[in-house]
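Asker: Provided herewith is a single structure, encoded as structure tokens, for subsequent inquiry.
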Amino acid sequence: MDPEGGGLYRNQIKKESWRTVLTLAYQSLGVVYGDLSTSPLYVYKSTFAEDITHSATNEEIFGVLSFVFWTLTLVPLIKYVFIVLKADDNGEGGTFALYSKLCRHARVSFLPNSQIADEDLSTYNNKKDGGSTDQSGGTKFRNRLKTTLEKYKVLQRVLLVLALIGTCMVIGDGILTPAISVFSAVSGLELSMSKEHHKYVEVPAACFVLVCLFALQHYGTHRVGFIFAPIVVIWLLCISGIGIYNIFHWNREVYKALSPHYMYIFLRKTQRRGWMSLGGILLCITGSEAMFADLGHFSQLSIKIAFTSFVYPSLILAYMGQAAFLSKHHDMGSDFPIGFYVSVPERIRWPVMVIAILAAVVGSQAIITGTFSIIKQCNALACFPRVKIIHTSSKVHGQIYIPEINWILMVLCLAVTIGFRDTRRLGNASGLAVITVMLVTTCLMSLVIVLCWHQSVLLAICFIFFFGTIEALFFAASLVKFLEGAWVPIAIAFVFLVIMYVWHYGTLKKYEFDLQNKVSINWLLGLGPSLGIVRVKGIGLVHTELVSGIPAIFSHFVTNLPAFHQVLVFLCIKSVPVPFVRPEERFLVGRIGPKEYRIYRCIVRYGYRDIHKDDLEFEKDLVCSVAEFIRSGRQDILGGLEEPDKQGERMTVVGTSSTHTEGIQFCEDNGEPTRASTPSPRELREIQSPVVVPRKRVRFLLPESPHMDASAREELNELMEAREAGMAFILGHSHVKAKRGSGLMKRLVINVGYDFLRRNSRGPTYALNIPHASTLEVGMICYV
């Protein structure tokens, strides 16, 4: 799959044939449903752990089954499959996809680097996403809601914190899900060993599997992904087959428990104990969020087909089978172990346990990969410290590995496994993380219904009231068990929330400082044609976060060293609130000052799911985009491309070199064009650099262009000469400090928290592989 712009046409490709859809549905079983399919391992064991285990009768067992059935029906099936999946962001899903969608329809993003030109992106679709527009006062309310969100910063902070809480709970789920899945899978050993022995084997065996799981992450999911779907298929067939066997062998009347009447009987009889046991029932929908979060890898239709035709009925049969078995064995005493393995016939228990461990590993792999993906999205939107992101597959989009996060997850996962050594407390912790993410999704979806879908506010209220009430009930039942394990996801989420908010706050304050202290273009023009400084050969790339004006770091540099390169490019790499930016819309290029100054501005736009190219490819695309801008001679203002400070800069949309089918081509060293298909030599003219002994041979191949004047040709020659002389990178190294007189909290956040995170995080993405000999860092203190 093409990493650049691969998401744009994904849905069109997927809808070509039913064969494609069914293939994607099969593949989704291993990626999306691994976590959800392993929930039968621990749901009954967590539900009957303490609260109702000693008094369990058929009414309680049937009541739990009724709760499980309707929870699976209402949340994964109705909410996610039929509603939430439709709220995709250009084919992408997840908490940040909803937040990104809202940022486009209402200006609630904090970083003020958005441009009107970004709204002209083909993936920046802020029109109605579906459904009919409500005309009976809905438009007036929608506009009032949008205005209110854009006016009050506190509401924008609440929306951001809400998205961050959902993200932090996903990270917590990435820690707890592998722990409870693997621990529950190996718990089958208790039926084959004495109680004195199995407790010394369970924890080491679970830890061994977890260490192996995290140690293999750097190989990438794609290397072992081909076995994921078969494992989940075998597992689902296994549990559904066992369920059918138990239903016919033990209790054929178990289907009556599907009636919601048994839920009422259950709560009436068990009262407070039954309400507290809802935290265990909640675990039956663990992994449901993955249907939406992993939407970018598949299509809506494929995920719906996989769930409704295979996953959902298999899970229902599995739970019914367990309930049928328990209904005939609940009177065997308090020492009788209630769990998945007791309902498995003894002669196949060992093979089933092996399949269960493999399925648990697959489910854990899915949530770990999902954690990597959501951290990458946060990183792209300046909500997480910069980390090293490794793309483990050049063909499969989204397969990434983050070493720092992987080892942090492993250590925390081992800590909770060794610390709890109990399915019940692990279930309490995991349940709270799961239901919190779902509550956040419900809240954001209610805003999407009004602001993005242009539906009636009454529909949004009904949505949040119905699903919010169900989830709030489960949330309260999980929160009650705070001291029994539920404190873990809260503690984990709090730590990550502080880290993310401190980083976002510090980044925002630094950007505001740069914005307030930027140097006007008039200052540069006032230096005169000679600019009052020495111009040396080569291309100077000045990295800046600003989309307009001259950064203060550059004036600081020129003041102390009055010399810079013959070609100067102010480079801004920014993220826009879309998942992908098409390659032909990647660059915005403009000129600063008159032509003879040879100073350009280049804004490189990435979506939060885009893959950043390596430094060599990036340099070629950058030089080629500037060359194409010079050749075309266009300086558009159409679509609002004029800079917001009205200082005369005009920007032109220029694609990557691979998209210039009729434009300029860039050759280096080997003389081959960078794009895939080489035009006929008769259609191209060659411009070669006048440098006699170049460091590297650079050529531009152009199509016949009779309108290109001599000044443009001279400018291209100078650009080639500068590229051959070399490229230098001027990076700002800002020390952010709180102003004198700032409050204690601000000083702690900026001087301690943000400074610590900045010193221990990675540099800018594109600058990670830049040779040190080509880098010049300019230090500056920013008082915010």
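Just so you know, glycine gets a Cβ as well, placed from its N, Cα and C.
Feature list, courtesy of TrEMBL:
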type     : residues : note
DOMAIN   : 24-524   : domain 'K+ potassium transporter integral membrane'
TRANSMEM : 61-82    : transmembrane segment
TRANSMEM : 158-180  : transmembrane segment
TRANSMEM : 200-219  : transmembrane segment
TRANSMEM : 226-248  : transmembrane segment
TRANSMEM : 274-293  : transmembrane segment
TRANSMEM : 305-325  : transmembrane segment
TRANSMEM : 350-375  : transmembrane segment
TRANSMEM : 396-420  : transmembrane segment
TRANSMEM : 432-451  : transmembrane segment
TRANSMEM : 458-480  : transmembrane segment
TRANSMEM : 486-503  : transmembrane segment
DOMAIN   : 538-782  : domain 'K+ potassium transporter C-terminal'
Asker: Can you tell me which parts of the same chain pack against the transmembrane segment (158-180), counting only residues 6+ beyond its ends and a CB-CB cutoff under 8 A?
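Answerer: Here the qualifying positions are 35, 42, 95-96, 98-99, 102, 108, 110, 149, 206, 210, 213, 286-287, 289, 293, 360, 363-364, 367-368, 370-371, 374-375, 378, 383, 409, 412-413, 416-417, 420, 423, 426-427, 429-430, 433-434, 436-437, 440-441, 443-444, 447, 488-489, 492-494, 496-497, 500-501, 504.
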Asker: Per the 3+ Cβ pairs under 8 Å rule, pairs at least 6 apart in sequence, do the transmembrane segment (432-451) and the transmembrane segment (458-480) touch?
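Answerer: Between the transmembrane segment (432-451) and the transmembrane segment (458-480), contact is present.
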Asker: For the transmembrane segment (61-82), which stretch among 200-219, 274-293, 350-375, 396-420, 458-480 has the most Cβ pairs under 8 A?
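Answerer: Selected stretch: 274-293, with the most Cβ pairs under 8 Å.
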Asker: With a Cβ cut-off under 8 Å, give me the same-chain residues at least six positions beyond the ends of the transmembrane segment (458-480) that come close to it.
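Answerer: Residues 71, 74-75, 79, 83, 275-279, 281-282, 428, 431-432, 435-436, 438-439, 442-443, 445-447, 449-450, 486.
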Asker: Using a Cβ cut-off of under 8 Å, list the residues of the same chain at least 6 residues beyond the transmembrane segment (200-219) that approach it.
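Answerer: Contacts of the transmembrane segment (200-219) (Cβ under 8 Å, skipping residues fewer than 6 from its ends): 178-179, 182-183, 185-187, 189-190, 193, 357, 360-361, 364-365, 368, 390, 392, 401, 403, 406-407, 409-410, 413-414, 417-418, 421.
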Asker: Across the domain 'K+ potassium transporter C-terminal' (538-782), what does the pLDDT come to on average, as a whole number?
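Answerer: Mean pLDDT across the domain 'K+ potassium transporter C-terminal' (538-782) comes out at 72.
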